[in-house]
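Asker: According to TrEMBL, the protein has these features:
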type     : residues                                                   : note
ACT_SITE : D450                                                       : active site, proton acceptor
BINDING  : H105, H109, D282                                           : Fe cation binding site
BINDING  : N126, A127, S128, G129, A130, D158, G171, E175, N254       : L-threonylcarbamoyladenylate binding site
BINDING  : P344, R345, R346, G347, A348, E349, A350, V351, V352, K361 : ATP binding site
DOMAIN   : 26-288                                                     : domain 'Gcp-like'
REGION   : 1-321                                                      : region 'Kae1'
Amino acid sequence: MRVLGVEGTAWCASAAVHDTATDETFIESDAYEPESGGIHPREAAEHMGDAIPRVIETALDHADGEIDAVAFSQGPGLGPCLRVAGTAARALAGTLDVPLVGVNHMVAHLEIGRHEADFDSPVCLNASGANAHLLGFHDGRYRVLGETMDTGVGNAIDKFTRHLGWSHPGGPKVEEAAKDGEYVDLPYVVKGMDFSFSGLMSAAKDAVDEGAAVEDVCFSLQEHIFAMLTEVSERALSLTGSDELVLGGGVGQNDRLREMLAEMCEQRGAEFYAPEPRFLRDNAGMIAVLGAEMAAAGDTIEIEDSAIDPDFRPDEVPVTWRENESVAVGHGATADDPSGLTDPRRGAEAVVDVQDGVVVKRRIPKAYRHPDLDANLRRDRTVLEARLLSEARKAGVPTPLVHDVDVPEATLRLQHVGDTDLADALTTERARTLGEHLARLHGRELVHGDPTTKNVRVGDRLFLIDFGLGYHSGHPEDHAMDLHVFEGSVEGTAAEPAPLCRAFEDGYAAVGDEAVLERLAEIRGRGRYQ
Ligand SMILES: C[C@@H](O)[C@H](NC(=O)OP(=O)(O)OC[C@H]1O[C@@H](n2cnc3c(N)ncnc32)[C@H](O)[C@@H]1O)C(=O)O
Ligand SMILES: [Fe+2]
């Protein structure tokens, strides 16, 4: 089968032909380069109007007109651009009298890596311009395991370079400038498997305004942003029990990001795959490849159902082209190690050893992180964890006793609690109790920071463990993020998350502040495609 793909979500007008018989993909692209500032939607759409017919013609010539289906990016992206590319794709399918396939651009960014690597069910990191998220496949859909709480990763970098007066796109220029840079401290913001760039980007702009060397800020920006993405990817591997990671998206062309992800995977014995650059940045090749798989599965659409969707989320796509295998059902547990606690490879950030009822938890150095950043994170998290564990207990939330803190070694000796992870034993009753516990923490202005089902132990009571990402805050947004992180871990792993989340929120409402639940609803509904 030969499928012609059309891509035009934002800056790249592209057409491609994928031939399933040879697995070869021909791509023709024409990029829009803004004269100043970032991407202007109207100018970008004008570029599409100009360039899309041209790239389609070149692709058609390459295929000698022999096409069995037309696939196009239906969303997400900029409305005016999507409309131009969508209209061209519909017209072409009509002229050729072949079926039309509507492809989700984000899913295409990740399926191309899975297709090329021949992985079964990897965790997928998408690092693109307008997005940044982690996906895992479960029960016929991609689930968002974690994502940016503000801007996409490429756009965050591009905004910083606009501040410097550099032309679009900024990512490659930051990579170049970083080669001569040295480390300076910047904010590092990871919340469970979610993360945020806004504080980091303002600090980077301030640093430059206050006279820091641009190359130092570029270097450190990369060290922080990519370490954050690598850390959440590792946490997703740990939570899902997967040992395969694929990368997608334009920022994936960055050598330092790829190096960090490869190093992290090597350190934990996982496999890593990044497609070649022509498949990472926006391109119609990935649309044609996924379009071919969808067409083979009979997943075509009628013209009247082919409207574009600028906010099309990857978890809205019914995945028709894959067997119903799942990655995100498990967690770190194995048959030999039902708690998932004693296998040091599995933990996302610490090696945990259980000896005579005592848990020895050591934050191991992460080779992928800059040594200064690594030392800071390990020290700060060790100190904070010990402090927050005892403050939580005073708030009436069961936590392990801290026997000893060794800051230079980033090691804690803790009481062993519970028999199993909540991930293994999640009931509505327990979800409710956890809701109550989090409300008590928040009442004392304590934030857990990573309350996934793996960080709750079940024994005669429910114990909260792993406060390494915790901090002090009385702000409803931070409290709501805790709830969001827990519900994300349930949605990523449970077959029927809805009743569990409801019970969890009921428990929270019984003890805590309603305003936090309202904020949670707002966070859920927040459009993050900026
Ligand atoms: C919705 C869709 O239009 C959007 N696509 C998109 O943003 O284009 P993409 O090609 O995936 O990514 C472009 C981004 O990738 C960044 N980029 C390109 N090369 C880079 C490099 N070497 N280092 C860092 N960033 C880089 C650019 O600065 C730009 O922000 C998306 O996937 O979010
Ligand atoms: Fe993209």
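Including glycine, each Cβ sits where the backbone N, Cα and C put it.
I'm curious about the neighbourhood of these features; can you describe it?
Answerer: Taking the Cβ of D450 (active site, proton acceptor) as reference, residues of its chain lying under 8 Å away and at least six apart in sequence are, in sequence order, K191, G192, R235, D466, G468, L469, G470, V485.
All protein chains shown were included, and the count of other CB atoms within 10 Å of the CB of D282 (Fe cation binding site) stands at 25.
Its Cβ taken as reference, A348 (ATP binding site) is surrounded by 23 other Cβ atoms within 10 Å in the chains shown.
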Asker: Would you kindly give the Cα-Cα distance separating N254 (L-threonylcarbamoyladenylate binding site) and A350 (ATP binding site), rounded to the nearest Å?
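Answerer: That comes out at 27 Å between the alpha carbons.
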Asker: I need the neighbours of the Fe cation site defined by H105, H109, D282. Which other residues of that chain put their C-beta within 8 angstroms of the C-beta centroid, in sequence order?
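Answerer: Neighbours found: E7, T9, S73, M106, A108, S128, G248, G249, N283, M286, I287.
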Asker: Secondary structure at H109 (Fe cation binding site) (DSSP, helix/strand/coil)?
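Answerer: Where H109 (Fe cation binding site) sits, the three-state DSSP reduction gives helix.
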Asker: Return only the integer: C-alpha distance in Å from H109 (Fe cation binding site) to S128 (L-threonylcarbamoyladenylate binding site).
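Answerer: Per the Cα atoms, H109 (Fe cation binding site) and S128 (L-threonylcarbamoyladenylate binding site) stand 9 Å apart.
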Asker: What recorded positions among H105, N126, A130, D282, A350, D450 have a C-beta sitting less than 6 Å from any atom of ligand 1?
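Answerer: Only H105, A130, D282 qualify.
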Asker: Taking only the Cα atoms, work out how far D282 (Fe cation binding site) lies from N126 (L-threonylcarbamoyladenylate binding site), in Å, as a whole number.
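Answerer: One finds 12 Å between the Cα atoms of these residues.
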Asker: Can you list which of these recorded positions (S128, N254, D450) have a Cβ closer than 6 Å to ligand 2?
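Answerer: What lies within reach of ligand 2, judged by Cβ under 6 Å, is S128.
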